[in-house]
Amino acid sequence: MGPSHIPPLTYKVVAECSVSKARAGLMTLRHSEVNTPVFMPVGTQGTLKGIVPDQLIELNCQILLGNTYHLGLRPGIETLKKAGGLHKFMGWPRAILTDSGGFQMVSLLQLAEIDEHGVNFRSPFDNSQCMLTPEHSIEIQNAIGGDIMMQLDDVVKTTTTGPRVEEAMERTIRWVDRCIEAHARDDDQSLFPIVQGGLDVPLRQRCVSALMERQVRGFAVGGLSGGESKHDFWRMVDVCTGYLPKDKPRYLMGVGFAADLVVCVALGIDMFDCVFPTRTARFGCALVDSGQLNLKQPKYKLDMEPIDKDCDCSTCRRYTRSYLHHIATNESVSSSLLSIHNVAYQLRLMRSMREAIQRDEFPQFVADFMARHFKAEPVPAWIREALSAVNIQLPADPERIDEQDQKPKTEKRRETEDVAEEQVASS
């Protein structure tokens, strides 16, 4: 059978949790097989900051994300076409997913305006006026040649209310039809529509229903993890997975905190992406089950342990916390070493969840993970509620009060995550 007869995406559920909505799957793409649930590191401009493709292969990364907005500006469509696509351009043999570019323009550019035609914005490089239409977004993504590509959607701030939310949802549906019409490589690239609707349950349901009428191979859930409360966040995820078809992959955009990943897998999500692992590495922070280690802190000066004794990444095999503390305060190379570890951590977390689902031990995995992650404080109420909604019960812990400012530690942790979310959104 020739390559043109191989479906560009097939998805099979290989195991399901008997309690929650978690499932393990196998997604077969043009360039590689991808085991789900999966975390996709973000290579904004065709590379992860501080990590080369060979290192990603060593970490057994099966799929990464490329940013259409940045790649469309630099190196540009002509360069990508001449190179034969992003895979050849960056020397990456495995799968790539590309976003549409809409989120970056609306969230990062002050002068972006949206109308029915598309997104009008000024280039950050030369201040020239630019227009990104659904058709142009698809043209760029066809040139990039990713295995999975996203429709251009009408993005509004998550906390927006009123008629603008419905307008954006309806426009997103109209735009997916324009994207499908413009898609010139359906035989080897799979286009995902994006579920929008803000924090409005009926709008989310309407959007899912409309998008399911289109002939697509998977679905993305957008417009979340952008400042809404965690209670609203998990409820919208739960609503979407409750209506999306079970035989196609579900991608939750822009989510990367470890606890969020575990909860959303329980709610039925298969795919995730976020810049968080590499961005937090540039601040000298390493990811572990209990949260983050800020290796710039003096307490690590004489700590001769690896970041995580259970991690087999090259950073943990070779370097101590003491050494990483030393270079974190002096050398930029530390961000590369920490990025390797942080990506390895995210990939290992996803692998552990897959294996637990396949053994039908996912609820116990969740309980054990949350006990480690919130070792010194109560599990936040939103996590208990979200897991309870899919029949995973966690014990309610007593609130512990920080004597310094009398704030519950859960509230202080949430403030820290808010800062991290702002950093992620600005990257």
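Placement of Cβ uses the backbone N, Cα and C atoms for every residue, glycine included.
Just so it is clear, the model here is predicted, and its values are computed rather than measured.
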Co-listed Zn(2+)-binding residue [Swiss-Prot; alongside C311, C313, C316] among H326, H341, H373: H341
Residue in D54, D147, D153, D270 which Swiss-Prot records at the substrate site where D99, S100, G101, G102, F103, Q196, G223 also bind: D153
Among ranges 213-217, 278-282, 318-322, whichever one Swiss-Prot labels region 'RNA binding': 278-282
Residues flagged as region 'RNA binding' in Swiss-Prot, choosing from 37-43, 58-64, 254-260: 254-260
Helix, strand and coil totals (DSSP H, G, I; E, B; other) for the region 'RNA binding' (254-260): 3 helix, 0 strand, 4 coil
Cβ-centroid neighbourhood (8 Å) of the Zn(2+) site, C311, C313, C316, H341 excluded: P306, I307, D308, D312, S314, T315, R317, I340, A344, Y345
Shortest C-alpha distance to F103 (substrate binding site) - which of the binding-site residues C313, C316, H341: H341
When distances run from the Cα of C313 (Zn(2+) binding site) to each of the recorded positions S100, G101, Q196, G223, D273, the nearest one: D273
Cα-to-Cα gap, G102 (substrate binding site) vs H341 (Zn(2+) binding site), nearest whole Å: 30
